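Engineer: To start, I am sharing the structure in question, which I have written as structure tokens.
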């Protein structure tokens, strides 16, 4: 058969990194990215981009750990290269603090990040409301530059990118052999996934260049993540809220909570408010499916529903999705060679 034509639907961090992994693992196929929105208008552009994974209840822990490890190794290599500044990737050290000691003192990812240790009593004096903490070094991704960096890498390999709203995967079957669904929260409508729901996140981006370390409350509700240019303050986790409008009361609440962890933030300047909808599920949907309509078959690979862990596991799930695309290509070749017999 001729080179397989693959369409990746979605141009957030999941869509772009999946397209890149497909190009790397299946160089003979032609890849096109289709999306209604590209950076700077994706959910990923709002994300804090910290590599601290959340847990998916419906996915085995060893699988989640492998996804995270793959992503961490990939971004760590970029952070050690001349590409680091352009890609917006940096190593960052800091603390995760808890008001009471958690049941599990070591998270599943403790040996993937660098230098993980429990905080000393002296360190905890910085956080008088908290009695337990973890110190470690991880990676921070400034998301808009990283998305542009991924786009540049894709264009260099000949990948085409088109602004296009896809309302139904079937509208692509006459143009492409395999569809990869990385539509994020858009999959709620695109494939009618009722298990997918938005978790609204409101964050602040502030100018506070003296803040060098990240601070994260262990429950994930309050966090301070310094980036290359600005500090991200968060946040909210509002399930089933579709509103993209900033709420002034929430802005004040986030700012006050962050200042209680880092009082010097009271002097922060140039506060910008952003809102994004995390595409959340009980587990990431990462699977092959063959759609069938009137005797016509359409191979689809789904890779969406990453919730708050998109950046933490994006490369790991993209690699797996690319492997599934390889399986689809092999199946198509098998059926075309049988058809010739």
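Each residue, glycine too, has its Cβ placed from N, Cα and C.
The following feature annotations were taken from TrEMBL:
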type	residues	note
BINDING	166	FAD binding site
BINDING	223, 278	D-dopa binding site
DOMAIN	5-324	domain 'FAD dependent oxidoreductase'
SIGNAL	1-19	signal peptide
Engineer: Far apart in sequence but close in space: which same-chain residues, 6 or more away, have a Cβ under 8 Å from the residue listed as 'FAD binding site'?
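Structural biologist: The list for the residue listed as 'FAD binding site' reads 9, 34, 36, 172, 183, 190, given in order along the sequence.
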Engineer: Tell me, roughly as an integer, the mean pLDDT over the domain 'FAD dependent oxidoreductase' (5-324).
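Structural biologist: Computed over the domain 'FAD dependent oxidoreductase' (5-324), the mean pLDDT is 96 on the 0 to 100 scale.
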Engineer: Name, in the order they occur in the sequence, the residues of the same chain whose CB lies under 8 A from the CB of residue 223 (D-dopa binding site) and which sit 6 or more residues away.
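Structural biologist: Result: 48, 50, 214, 215, 216, 217, 232, 233, 234, 235, 258.
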Engineer: Including all protein chains displayed, how many Cβ atoms other than that of residue 278 (D-dopa binding site) lie within 10 Å of its Cβ?
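Structural biologist: Other Cβ atoms within 10 Å of residue 278 (D-dopa binding site): 24.
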